[in-house]
Structure formats: structure tokens, C-alpha cells
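Novice: One structure, pasted below without further comment.
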Amino acid sequence: MSQDAAIAEQTPVEHLSAVDSASHSVLSTPSNKAERDEIKAYGEGEEHEPVVEIPKRPASAYVTVSIMCIMIAFGGFVFGWDTGTISGFINQTDFIRRFGMKHKDGTNYLSKVRTGLIVSIFNIGCAIGGIILSKLGDMYGRKVGLIVVVVIYIIGIIIQIASINKWYQYFIGRIISGLGVGGIAVLSPMLISEVSPKHLRGTLVSCYQLMITAGIFLGYCTNFGTKNYSNSVQWRVPLGLCFAWALFMIGGMTFVPESPRYLAEVGKIEEAKRSIAVSNKVAVDDPSVLAEVEAVLAGVEAEKLAGNASWGELFSSKTKVLQRLIMGAMIQSLQQLTGDNYFFYYGTTIFKAVGLSDSFETSIVLGIVNFASTFVGIYVVERYGRRTCLLWGAASMTACMVVYASVGVTRLWPNGQDQPSSKGAGNCMIVFACFYIFCFATTWAPIPYVVVSETFPLRVKSKAMSIATAANWLWGFLIGFFTPFITGAINFYYGYVFMGCLVFMFFYVLLVVPETKGLTLEEVNTMWEEGVLPWKSASWVPPSRRGANYDAEEMTHDDKPLYKRMFSTK
């Protein structure tokens, strides 16, 4: 039998072993073995691209995987529910009576400090949970990890419901429930990104944000339904419904496949094949499934050569992980600095300030706009790409925030804040708040989760995603805690702060964030390792699809003047 024939009869796993053995001998020269092994662990040094790609099928073929990913994404609903309900709790009479303080005349109130702590401490719990509990996904699998963090979330809800009149008990409950949501925020997008077909990955990961908006909207509606009660029904019923959402999440995990990348990492090759086959609705022995498994195994085997991943590897610039970590943390931070939670956490309070008699109703309007707009976001993320959507989102939100803040500063109180507000100015502000929410929900709401979930190599993915997501929670805490103080001091001038952040976001995306639409996770990794310039990334072609005339070096440098580079795509 010839050598070529022998290779042709090898299984994908046997072929991979042969390739790895040969490449290992090449990479083992004494002079720079350690350096090359480190690079090889992230995919450099050899190319393991699937020879046969999984074909794109009609939309009806992806109904099953879409439903499964929506079940995983339901973790976002849990987070959104908290955001939608807490904004109403802090304005409900029974909640204020139990957890607030008393003026000298006997009236109850929540101080700015206590309000800020109750609202925002949830984010600190989320940041800690994202860093600590996301490790469960590497240890026991993404599915088991999600179930465990949901149970932790339930414990936090029990503590909150059991609170009678001690605000610090409620405070502790929010920290613990935040731990669970922090783990969910890392593991849900991670699992979706690893089970979804590459041409649907952006859409399906965006379903996590869709669930967040659904939770916010229904949370607003529940607050509206309970506001007329005079007892703890006002806030205990919305909290009690959290048990239903958590149990649905746990039940849904029994129907979804485990990450094929995790299964390959722990040696469960047959299960990895089945997971890929189920997600793409093809036979387990389909050549495209075998090729996909081989590509995944190549990355896993290369990672094993370098040993266990450490936290220190997140700061490696040689393998471009540090650059990716900074970009991921910045994208997540900037999502908060858009000012979205200024509306969502304090929506009820804001619209009282513009003179509305029932600000709960206005919050519902914002919730409807937010939820409906996210469907548009799910479409545009794959139609126009991550980078383009982020740029348009930053530009359009800037315009909306300028109008919103300017009207609030110059027209809302024409005769001073001690006089009635202008109804026309208030209506104008609500309209532009809705425009702003539309622009946010279609771009910066879902896309940061997509970008972060597909940026990092498997070897350090959970660690890197937890750090990037923690940056989001940290800024969420800062905005949630300090907003009452800032708005009390400068009122609607606060909008100009977010406007400045939005301008910065536009240029940051323009110069730093690459386009990853239509690429496998392994191809995204290769693009980062090749050092492709972000403004040329849309034209980058993976090694497996390059023609003879393709110039890879052209993607890594640009001799044009800066002003031309910024708006160049080639």
C-alpha cells in the first residue's frame, strides 16, 4: 500500500495524531522550542482547517438549533428581569417603607446612598460570579456549569423574598443572586457560540440580548401590575416569579447539546460529533462533521502540548491574547458607557422628572421599544457585520443623546426647576429616548456579547470572557451607584458625559475592532494571530479559502495616510 493510500484510510483522529507527531518534531528544536510551543498552542505554526465545510442549509433546517440556543439564552431573561423590576421597586411605597429611612415628619424615603447600593451591588456580585463561577464550565461542562449558577441565583432570590425590614438582608440577597447571573452571563454566550453554526453564530448569540430585553419589558409590566397594592405584593410577586424563570432555565438545559469543543477537550469524541451533527442537522458520519471535529481536535491537541492554561497567559502579547483581552474588556465597558442603564435602572425616576403622572407606563413604552428593536439587531448583526453595526450604533446614539440632553438642559424647565416642566419638552425627550433605545438595542446591546464570545482561543476562553464581562459589571455598578448623585448635581447635563463616551466609542471601534462575520471560531483565532488590521479585516480570507494570488501580508500593514486608513476596508 502506498503512503498516500495509507493516509487516505486514516480516521480523522488517526490523521490528526500523525500530523501532530510530525509537526511536534519540527517544533522541537532546542533553540526556541518553548516559544514555538506557546505559539502552537493558539494555532500558529500549522494550519488545521477543515477540508470539507458544513454547507449552509435552508432556514427550516436550523429550527432545532435555534430553539436550543434560545433555551440557553434564557439566562439573559433572568438578568433582564432584575433590571426591569428593580427600577420599579425603589419607587414602590411598601419597599420604601421596609428598607428606607424616615424623615423627621415621619415620611419614608430611600437615601441616594442606599438606593445606589441596592440597585448597583447586584453588578458587583455579577463581576465576582463571572470570574469565579465561569470556571465551572471548564471543569464540568458548560451545561452543568449553567445549572449550578442558576441554583446559586435561586438562593439569592430566597434571601431577598425573606427580607422583612432589614435592608442589608435584601442587599446580601442581591449580591448572591448577582453571583449566579454573573456566571450565566459568561457561560450562556459561550455555549451558544460553541454549538451554533458559524453563519448563524452572531444571530444566535444575539438571542441572549433578546432575552435580556424580554426580561426588562416583562419586569416593567409586572411592576405596573403590582403598583396599586399597598403591601409586599408590590415587590415579592415579581421576585417570586424568578423561581419560574430559574426552573425553566434548568429544565431547558436537559434538551441542549454540550459544547463540542468542551467534549473534544475531555476526550468524548463521539459525543462531540453528535453535538456538531445535531446543531447543523446532518448525519454524524457526514464528511463535514468529521472535518469540523478534526479542526476542533487540532486546536485541543495543540493546547495540550503547552499544558494547563494559567491566568498569566491572559497577558501574553506574543499570542495576541492580551490585545484581545483589552479589546473585549473595552467593548464590554463601553456598552455600559453608552448610558443605557441610565434609562433602564432609573427610567421610572427619570420620567417623573419630566413631569409624567405615571412614569411606570413610560417605562413599559421603553421596554416595548427595547424588546422589539432587538429583533432588528438579531438580523443586522449577520447581514451587515459586527464592526459596521457598532460604528453606526455609536454615531446614531450620539445624535439622540445630544438632543435628549440639550432639551433637558435648556427647555424642560423654562421658568426654573421650582416651576412646572414643559410638557412639549418632556414629550420630545421621551421620543428621543425611544430613538436612542432603538439604536442601542439594534447594535451595542447584542453585539458586544457576540464579539467577546468569538474572540478568544478555547484554551483561555472562560478566563478571558470572565474578565471582559467583569468590566461590564464593574461599570454597571459605578453607573448604578453614582447616577443618583450625578443627576442630583448636574441633572440632564449628565447626558453630555455619555455623549463624549459615544464619540470615543466610534473611533475605538474604527481603529481596534475587527470584523468576524462568517468565520469559524478557529478562523477568528487565526486572523488575530496573523495581525490583520481591523479596518482591513472585512477583506481577510481564511487560509483554507485563499487563492494563489492572495496577499496575506497586505492585510497586516497600511502605508496610507491616517485619515485614509480610518475609512479604508482594503
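Keep in mind that glycine also has a Cβ here, set from the backbone N, Cα and C atoms.
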Novice: Are Asp82 and Pro457 on the same side of the membrane in Swiss-Prot?
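Specialist: Membrane side for Asp82 and Pro457, as annotated in Swiss-Prot: different.
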Novice: Check the candidates Thr520, Thr556 against Swiss-Prot and report the one noted as phosphothreonine.
Specialist: Thr556
Novice: For the feature N-linked glycosylation site in Swiss-Prot, which residue out of Asn91, Asn308 does the record point to?
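Specialist: Of Asn91, Asn308, Swiss-Prot lists Asn91 as: N-linked glycosylation site.
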Novice: Any contact between the transmembrane segment (492-512) and the transmembrane segment (144-164)? By contact I mean 3+ C-beta pairs closer than 8 Å, pairs at least 6 apart along the chain.
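Specialist: In this chain the transmembrane segment (492-512) does not contact the transmembrane segment (144-164) - fewer than 3 Cβ pairs sit under 8 Å.
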Novice: What Cα-Cα separation, expressed in whole Å, is found between Asn228 (N-linked glycosylation site) and Asn91 (N-linked glycosylation site)?
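Specialist: Given the Cα positions, Asn228 (N-linked glycosylation site) is 12 Å from Asn91 (N-linked glycosylation site).
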Novice: Considering only the recorded stretches 144-164, 175-195, 202-222, 237-257, 470-490, state which has the highest number of Cβ pairs under 8 Å to the transmembrane segment (117-137).
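Specialist: Ranked by Cβ pairs under 8 Å, first place goes to 175-195.
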Novice: Is it the case that the transmembrane segment (175-195) and the transmembrane segment (61-81) touch, counting contact as three or more CB pairs under 8 Å in which the residues of each pair are 6 or more positions apart?
Specialist: yes
Novice: According to DSSP, does Asn91 (N-linked glycosylation site) sit in a helix, a strand, or coil?
Specialist: coil
Novice: Who are the long-range neighbours of the transmembrane segment (237-257) in its own chain, taking Cβ under 8 Å and residues 6 or more past its ends?
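Specialist: Contacts with the transmembrane segment (237-257): 68-69, 71-72, 74-75, 77-78, 81, 85, 88-89, 143, 146-147, 150-151, 153-154, 157, 160-161, 177, 191, 195, 215, 219, 222-223, 226, 274-275, 278-279.
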Novice: Using a threshold of three or more Cβ pairs below 8 Å, and leaving out pairs closer than 6 in sequence, do the transmembrane segment (432-452) and the transmembrane segment (364-381) count as in contact?
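Specialist: Yes, these stretches are in contact.
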